[in-house]
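Participant: Here's a structure for you.
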Amino acid sequence: MYASREDIGYDFGDDSKVGSKPVKPNPNIDGGWAWMIVFSSFLVHILIMGSQMALGVLNMEWLEEFNQSRGLTAWVSSLSMGITLIVGPFIGLFISMCGCRLTAIIGGLLNALGWILSAYASSVHYLFLTFGVTAGIGSGMVYLPAVVMVGQYFQKRRALAQGLSTTGTGFGAFLMTALLKYLCTEFGWRNAMFIQGAVSLNLCVCGALMRPLSPKDLSEKSAGRRNSEDNRAKALSHSAETIKSNGVLADEPEKKEEATTEEVFESVQHAESGGSAGSGRNMDGLRMLKTLSQLTLTVRKGFALWYSSYFGAASLFTNRVFVAFIIWALFAYSSFVIPFIHLPEIVKQYNLSRQDNVFPLTSIIAIVHIFGKVILGIISDLPCISTWNVFLMANFTLVTCILTLPLMQTYVGLAVVCALIGFSSGYFSLMPVVTEDLVGTKHLANAYGIIICANGISALFGPPFAGWIYDITQKYDFSFYIAGLLYMVGIIFLLTQPCIQKKQPRQKSPEEAQV
């Protein structure tokens, strides 16, 4: 059962008085431009996550070109996937200062630059820097804003919206694999990477579509969410008062800073009006000073929000459920990545290559993964259904499949388990929803940045660790068993946290009842 941030009192300084005022909902929340945000995020998942899942095509080309060991060459793909997620907390700082739109556009340029520079690679170590680091950081700068913007634009159908947008990963796995195979065959892998760099420039267009909501719209969204649930925080009032007091303390310096900055702006404007008869140089200098002051204020406020989220009085780490969520993320993602990396070798060991060539097991995971995200999102948005319960049930199903996969030695058995892995891993679409419920929309960028950073660490070291276990035991069985057990440890951390009753449907007000 799930305890949302309202339940456990983690407001992080949100203004609770807004909920008592009647607000007119923004038509772009849960509708209108919100669906363009979903479309933009969908394309981002195709171009970033889909292309990363198709790197096996390029990995074979790199093995032939540079004649290095499989382990060393595989680190190129692992670095790209891992860094995309690991840089999440730092991308949260960019979002706090520059906003999602500008961060995504810069990330699109950096990602395209990484692909293009990799076309001129002379060694695997060169690819570590250009593709693993440069393209990886650029991918992270686009991926996190794409997830955050969907969370900001949706209130009632957040799980469905996140599910639809993240289905781009499955579609991208098919499209980008076919595209890279065709380009490598027709033009060679170097030209293929150059062309893919040009395609990646479309990430800048996706970023441009991320039109930010005004602070007023965000406050109205928070107010609507508070009105949509019963007031169940009384059971933990002591915890709520503690955290809210921390939030108030964190807001006071910010208000003082805003007042001081307003005085500076007023003095600059007064100097402008007073010096209108003076030289034009003085006027230009004053305008530049005013612009720099505004820019400095924006940067300082963004850094203050980022710093307070991690280290301040209202730190995200004061939320015990969120800390347990981080520990879970450290073990979870590798259990999804390891099958993609090692299933082809398992199929070869079991002499099932002929059946797998007809319908690859990894394709089964990718296809069912698409439906899993959408279906789990629809179920989670139903009234009286706890998103947290759906999230936990999907996790239990996935860890069971990971532990039983080594026991299957027929193609049909492996196909069934892979289908269940694909469907249950659809809980990825619920991760932003759960994170937002824990910390609120205001801190979603920083909080989700931490979660995907933990996932990145898991993705970076999980597959190499599984390969190391295989080198010792000459079997993949123990790789799946150890990954499954570590995954179970993460789930246990979630289950040990204090929870209360699942959310109930909101009671209608007298005005709504009359209507």
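Cβ coordinates are placed from backbone N, Cα and C, and glycine is handled just like the others.
As annotated in TrEMBL:
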COMPBIAS  217-233  compositional bias 'Basic and acidic residues'
DOMAIN    37-502  domain 'Major facilitator superfamily (MFS) profile'
REGION    217-282  region 'Disordered'
TRANSMEM  33-55  transmembrane segment
TRANSMEM  75-95  transmembrane segment
TRANSMEM  102-120  transmembrane segment
TRANSMEM  126-148  transmembrane segment
TRANSMEM  321-341  transmembrane segment
TRANSMEM  361-379  transmembrane segment
TRANSMEM  386-405  transmembrane segment
TRANSMEM  411-434  transmembrane segment
TRANSMEM  446-466  transmembrane segment
TRANSMEM  478-496  transmembrane segment
Participant: Taking a Cβ cut-off under 8 Å, which residues six or more beyond the ends of the transmembrane segment (478-496) line up next to it in the same chain?
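Facilitator: Tertiary neighbours of the transmembrane segment (478-496) are 321, 324-325, 327-332, 334-335, 338, 342, 392, 395-396, 398-399, 402-403, 405-406, 462, 465-467, 469-470.
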Participant: Please tell me whether the transmembrane segment (411-434) and the transmembrane segment (102-120) touch - that is, whether there are at least 3 C-beta pairs under 8 Å between them, with each pair 6 or more apart in sequence.
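Facilitator: Judged by the Cβ rule, the two regions do not touch, with the required three close pairs absent.
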Participant: Give the one range among 33-55, 102-120, 386-405, 446-466 whose Cβ atoms make the most pairs under 8 Å with those of the transmembrane segment (126-148).
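Facilitator: Counting Cβ pairs under 8 Å, the winner is 102-120.
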Participant: Using Cβ atoms and a strict cutoff of less than 8 Å, what residues sit near the transmembrane segment (446-466) while being 6 or more residues removed from its termini?
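Facilitator: The answer is 71, 74-75, 78-79, 81-92, 96, 143-144, 147-148, 151, 305-306, 309-310, 316, 322, 325-327, 329-335, 337-338, 341-342, 431-432, 435-436, 438-439, 476, 479-480, 482-483.
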Participant: Suppose you look only at the domain 'Major facilitator superfamily (MFS) profile' (37-502); what would the mean pLDDT be?
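Facilitator: Across the residues of the domain 'Major facilitator superfamily (MFS) profile' (37-502) the model's pLDDT averages 77 on the 0 to 100 scale.
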